[in-house]
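Asks: Right, I'll just put the structure down here and ask away after.
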Amino acid sequence: MARVGRVGFLTLAVVFHLMYAYSIFDIYFVSPIVSGMRSFGVEREASAEAPAKRLVLFVADGLRADKAFQALPDPDAPSDLENDEPIYLAPFIRSRALSHGTFGISHTRVPTESRPGHVALIAGLYEDVSAVTTGWKLNPVDFDSVFNRSRHTWSWGSPDILPMFKEGAVPGRIDADTYGEEAEDFSADATKLDIWVFDKVKELFASAKKDPELDAKLREDKLVFFLHLLGLDTTGHAYRPYSKEYLRNIKLVDKGVQEITQLVEDFYGDGKTSFVFTADHGMSDWGSHGDGHPDNTRTPLVVWGSGVASPRYTHEGTITGHEDGVSADWGLDSVQRNDVAQADVAALMAYLVGLDFPTNSVGQLPLGYLDTSPKDKALAALANAQGVLEMYRVKEEQKRDALLRYTPFEPLADNGETSVEARLERIKTLISNKSYDASIQLSSELLLTALEGLRYLQTYDWLFLRTIVSLGYLGWIAYALTTVIDLHVLHGKSESNRTTFSIMFFSSILVALFSVLLYQGSSWRYYLYALFPIFFWEEVFARRKALLAGREILLGHVHSVSGYFAFAIQLLLYVGVLEALVQSYFHRDIFTVCFILGGFWPITYGTKFLGQHKLLSASWALGCFLMSIFTLLPANKVEDMMMISCGSLLMFLTGLLYLIFERSILGQKRSSDPNSVVSSCGSRTIMGAQVGMILLALIVTRSSVASLQAKQGLPLGNQVLGWAILVSSLLLPFLHRLYPNSHYLHRLMVIFLTFSPIFIILTISYEGLFYFVFCMTLLAWVRLEQAIYIHTTAPTREQDHSVANGSLPAKKPSPGNTVVVEGQPYRYRTLSVSDARVALFFFFLLQSGFFSTGNIASVSSFSLDSVYRLIPIFNPFAQGALLILKLLIPFAIISANLGILNHRLEVAPSALFMVVMSISDVMTLNFFYMVRDEGSWLEIGTTISHFCIASFLCTFVAVLEFLSELFISGVDFGHPATTVGSAVAKAVNGSVACGHSPDSDISGEDSTSVGITAKADPDARS
């Protein structure tokens, strides 16, 4: 096929990585939802009633198990009270656990978000991990649930949760009464949300006394009442779960639950109501959730009322459920703790109210919560197992029909006495013989085996898909390296060399794969997964001569064994850095070690180099030392106005000092040209406005923080002004086009000032300090790289030594390497092995731009405190966009610096970016095999996050390539025909204009950027 150019390569990189980033969800997290199953319920005699006629479900959104049961300081106690003894904040719920019902911990799965949590509670189903985003908009639950099985369900609460169950159920079966989205204000008192729910329930029963039709409807059986209490989640996000506001909200919820319980009991008076109190997820100490931290996965479960077992008091030497020590300080050691998986709650509710188990439920009925006869327990356990077996049967039929060859799950295969039918008959026989305990044991074993079978079917295609994806990533690495060599080492002079055999070979593999996928009815994504590795490896094979020619150019200088050994050591070192970056995803302090070592990097170029560039080397070392500190600081931060102010003042002073000493910094003399004077004044005025915007952003942020911390809400004026600053700071730089200053330092300062106000508004702690240090370090890096480039291209003994040891320095542009830019010849030099080190530095700094202020065990590491200053109302897409904007700012800064570095190292604009994209998937492939879908939920969430971020960062490099061109558009690097390569010419030929030393544009003024240029010898040889 035709050779891909720069745009084609970058586009292919984006498409490939976006597709393959999704591959983990097709491999590890396929939706477990299937349809076509019959439902199963407990077989009762015609005259027998269900344990309860109705069920009331309380879900305290975001309530941690420990906060529900621990003794904690009274949030309403006077501050001057001497005897501030801890109290139990939920005495009524606690009394249900101690005297009236059964309690335990409900263990949730990741992602610990509201939609997956409610789906598990109400449908008994764990949605695939990617379903978390569907909770941010109306996306009906299109599978069976307890609500859908009920005769009627009344629900009250959040507009984010209730509609998805109502819209996905049988029409008219669910009533959903919600407050408006504007009520979810993080800056307001969130307890009003729970009060609203309790009041609405009271209104319903009050209306029934006046409405006979409603009264009759309420007295039917198989009814469910669902109270979604969002106050704790909203309060926890805003104030943290250890705050007085959160603790006060627990007291309010407990009081409300008590009132509703009493109201229902008084209304019916028949004692046939079951009550379930639980939470969809917990909350970390930082007010976040989403990952698998135990604070997020442990939620309270208290069940009482009709059909529920009374507390089982523990005795010494017996199993109490408290052995793990989690509940040691809850004061509940006297009663047994019965832990469940979150999906088990759906099975429990269905049993209590006499419903069939939801057809997609994988929950195991917790028999310890039931107050019923052994026979009923045995029948319930059997029905529970039959429901899960039915789901396995349907999924197996679908898998068998789709595959060319299917290998059944051995424990559930049709093998005579061990067949499913034989086991079910044995269980029924045991029940008939009143051997209830034995039948329950067999039912439990059969259910667990069915779950293992579902797991087997879920992972059936793993080997096939993982092999294809692995070959795809390896193929991309090989293809990208081949393309880099073809475009930037051989300059497109190599030709493809396809043979008839190779065409037939790769085509046959592709046809075979597509045929299998077509027969199996696979998703369209599978075809792309298969297409990419075939395409990449075919291209690599076709351009194998380019690889050989590139090897001659890049390593042709290496002839001795010691040279090859030195090159091998260098290669291993690069791979070691990439593997260190992999580990840095788990241990941020690896960045600290790397930065400290990197600070000494200039020493490797000898004492002469250090002597010529003392200030520059010191600046780089200082930047590295300061950067090493940030990854030692906690990733989870609390709001610190002092840190915000310090970072803001550093940004302000940087801009102010630049305005004062601009001419000295740029090495420009005062001009007498009227047009130049006007342009200079205009540019300085605009930059002055940018500097002033920083100060204004600090003032507004301090005011907003003070108001929010005082619980006075976000003033409208602050919100409007905050948005005005954010938008205007992004628009102001465009005014510089009216009064252009093309010096690269000026351009970098404009970009720095552009993002400073945004960073101030969206920072909560030390991020502003990081932004300042990061920009300073990048500038030192750009100037240091150019100094090294000039140093290593000079024909010195140091250069000869580096060649002998296998490290070929960069060469200055040769006359043949010419492209046309704006109608003029522009020469780029050939890439060398040493440029891989520059690309690796860029990739390291790119990663540090993300990790220095956070980690990615989960996205929830990033606090929402800052976005409350702009959007106090719950709006996940808008708030998420602001957080992403904050995360992307360092990437924008580094793209501008690399764009300038490309020019100053005289390489093609896309060259270094392409090298980065060639090597970065070494990390991505590591994380692909680290992804887990079982084990601790913290590990699962972490591995997903790691793979996705690594893959998206690689994709983002392609975007940065285009962004860098935008940022440096119009920057003056001198006349293309004369100044490209002038720095090298000065070092090689010694012909320096205006009396500057060869390094003057590095350590002092930048001569090539302000028109003080040297004549490059057009015939100079590399």
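Just so it is clear, glycine is given a Cβ too, placed from its N, Cα and C backbone atoms.
The annotation N-linked glycosylation site is assigned in Swiss-Prot to Asn148, Asn433, Asn805, Asn989 on the grounds of sequence analysis. As annotated by Swiss-Prot, region 'Disordered' applies to 998-1022. Taken from Swiss-Prot, the feature topological domain 'Cytoplasmic' applies to 1-6, 488-498, 707-713, 859-880, 932-947 (among others). According to Swiss-Prot, the topological domain 'Lumenal' annotation covers 520-560, 611-614, 662-685, 735-749, 792-837, 902-910, 969-1022 (among others), on the basis of sequence analysis. Residues or ranges marked as transmembrane segment by Swiss-Prot: 7-27, 561-581, 590-610, 615-635, 641-661, 686-706, 714-734, 750-770, 771-791, 881-901, 911-931, 948-968 (among others).
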Asks: Express the distance between the Cα positions of Asn148 (N-linked glycosylation site) and Asn433 (N-linked glycosylation site) as a whole number of Å.
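Replies: Asn148 (N-linked glycosylation site) to Asn433 (N-linked glycosylation site), Cα-Cα distance: 35 Å.
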Asks: Rank the glycosylation sites Asn148, Asn433 by how many other Cβ atoms lie within 10 Å of each Cβ and give me the one with the fewest.
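Replies: Asn433, out of the glycosylation sites Asn148, Asn433, has the fewest neighbouring Cβ atoms within 10 Å.
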Asks: Return yes if the transmembrane segment (641-661) and the transmembrane segment (561-581) have at least 3 CB pairs under 8 Å (sequence gap of 6 or more), otherwise no.
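Replies: No, since the transmembrane segment (641-661) and the transmembrane segment (561-581) share fewer than 3 Cβ pairs closer than 8 Å, they do not count as touching.
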Asks: Just to confirm my parser: what is the rounded mean pLDDT across the topological domain 'Lumenal' (969-1022)?
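Replies: Mean pLDDT, the topological domain 'Lumenal' (969-1022): 39.
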Asks: Can you work out which residues elsewhere in the same chain, 6+ from the ends of the transmembrane segment (590-610), have a Cβ less than 8 Å from its Cβ atoms?
Replies: 577, 580-581, 583-584, 617, 620-621, 624-625, 627-629, 631-632, 784, 787-788, 791-792, 798, 841, 844, 847-848, 851-852
Asks: For the topological domain 'Cytoplasmic' (488-498), give me same-chain residues lying six or more residues beyond its boundaries with a C-beta closer than 8 angstroms to one of its C-beta atoms, as numbers and ranges.
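Replies: Distant contacts of the topological domain 'Cytoplasmic' (488-498): 1, 3, 541-546, 549-550, 553-554, 816-817, 828, 830-831, 907-908, 911, 914.
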Asks: How would DSSP class Asn433 (N-linked glycosylation site) in three states?
Replies: coil
Asks: So what's near the transmembrane segment (881-901) in sequence-distant terms, Cβ-Cβ under 8 Å and 6+ beyond its ends?
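Replies: Sequence-remote neighbours of the transmembrane segment (881-901) are 744, 747-748, 751-752, 755, 758-759, 762-763, 767, 771, 774-775, 778-779, 781-782, 785-786, 838, 842, 845-846, 849-850, 862, 864, 866-867, 870-871, 909, 912-913, 956, 960-961, 963-965, 967-968, 971.
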Asks: Find the member of 561-581, 686-706, 771-791, 911-931 that has more C-beta pairs under 8 Å to the transmembrane segment (7-27) than any other listed stretch.
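Replies: Most contacts with the transmembrane segment (7-27): 911-931.
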